[in-house]
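Visitor: The structure's right below; bear with me while I get my questions together.
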Amino acid sequence: MAREKFERTKPHVNIGTIGHVDHGKTTLTAAITMVMACNTAGSKGKKYEDIDSAPEEKARGITINTAHVEYETATRHYAHVDCPGHADYVKNMITGAAQMDGAILVVSGADGPMPQTKEHILLAKQVGVPNIVVFLNKQDQVDDEELLELVELEVRETLSNYEFPGDEVPVVPGSALLALEAMTENPSLKRGENEWVDKIFALMDAVDQYIPTPKRDTDKSFLMAVEDVFSITGRGTVATGRVERGSVKLGDTIEIVGLKPTRETTVTGLEMFQKTLDQSVAGDNVGILLRGIQKEDIQRGMVLAAPRTITPHTKFESQVYVLTKEEGGRHTPFFPGYRPQFYVRTTDVTGKIDSFRADDGGEATMVMPGDRVKMVVELIQPIAIEKGMRFAIREGGRTVGAGVVSNIIA
């Protein structure tokens, strides 16, 4: 069976459902796929059971259950991620297994914002999810319009507390379950034929309009983490790796950043699969020939980048998830002063954890396996670091935590 070719006709956007347990995230995900399936060619409906029994996948050595679905609206192609368990969300967002360009926050109109609603909003803020659209679910269970308005106000206020624009965020009421039931009974329902199905359309209209199309990786500034270094007699030194973002072409001036003082060099050759290229773009695995660089000047863990786009740092604040014993993590707590390895892009760097904070800003004196915590890290060597960058924490070769850089200190 020939593989179906991925047709790139519409812009692609990654989104996900977030919110408190049992507020209807998975039901909504199923409803969206069913509604979009009968209205756009490139979508297939998914049943609740298929999404709920999400397969396990690994990201940075951590097992996460995640369901990936895809669908199209008239203007866009969406990849949508839904996690069955709360712990899966925490791990997913921190490891960046599912990088979201925006999220649909599902809040039950009957209950209002609950503790996990707030935790997911906070997480979204900390890991850099740029936009949120709200779906007020279970509208059919709320008899009093005013109650629903109060819940909407409370959600907007909660979003504002976490520095999202609470006044501007679109809030769409509806019932995911009734929309799903209507679609299951009659899978060919069109817009305008059922009030609950129409609310799913209204939600996707809001997502289409409010969540901006992300800048493609190829349009960003060039960056490649060095994986290996070779010396070619008579030609010079070649650094290999995968282009993380942007593009690079022959003759470009680039910088070598991290571990040693930053140096400038010129790209004198590009190779991929033994073929020479004029230009290389995000996603390519390439070898880059560098002018005037000796093999000992460059090593795994450094990055090649467009000049003055990334700088080396040693101290940063991060949001970290610490693995449980069952996940292969530590069996015992650790304390300030703990010195594990930090695996960033392609290399391990030893670092010291200076201090921990809980979400409420209070000082934490120790961290238990399974905790999510803010920590200040100081590395023994400077490496190229930027806000939003992911890393793993390792000890003796095994992953004990995963984190994302929230602020650079030094």
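Glycine is treated like the rest: Cβ placed from N, Cα and C.
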Visitor: Need the matching range: Swiss-Prot marks region 'G4' on one of 137-140, 217-220, 233-236, and I'd like to know which.
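Guide: Feature region 'G4' in Swiss-Prot: residues 137-140.
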Visitor: Please find, within the list 54-57, 82-85, 166-169, 258-261, the residue stretch that Swiss-Prot describes as region 'G3'.
Guide: 82-85
Visitor: I'm validating the feature mapping. Which of 1-5, 61-65, 161-165, 331-335 is tagged region 'G2' in Swiss-Prot?
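Guide: So the range that Swiss-Prot calls region 'G2' is 61-65.
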Visitor: Pick from 19-26, 115-122, 187-194, 355-362: which range has region 'G1' per Swiss-Prot?
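Guide: Within the set 19-26, 115-122, 187-194, 355-362, Swiss-Prot attaches region 'G1' to 19-26.
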Visitor: Per DSSP, how many helix, strand and coil residues does the region 'G4' (137-140) have?
Guide: 2 helix, 1 strand, 1 coil
Visitor: Within the region 'G1' (19-26) only, compute the mean pLDDT.
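Guide: The answer is 90, the mean pLDDT of the model over that range.
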Visitor: If H, G and I count as helix, E and B as strand, and all else as coil, what does DSSP give for H86 (GTP binding site)?
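Guide: In three-state terms, H86 (GTP binding site) counts as helix.
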Visitor: Let's check the environment of K25 (GTP binding site): how many other CB atoms sit within 10 Å of its CB?
Guide: 26
Visitor: Relative to the Cβ of H86 (GTP binding site), which residues of the same chain, six or more apart in sequence, are found under 8 Å away?
Guide: V21, Q116
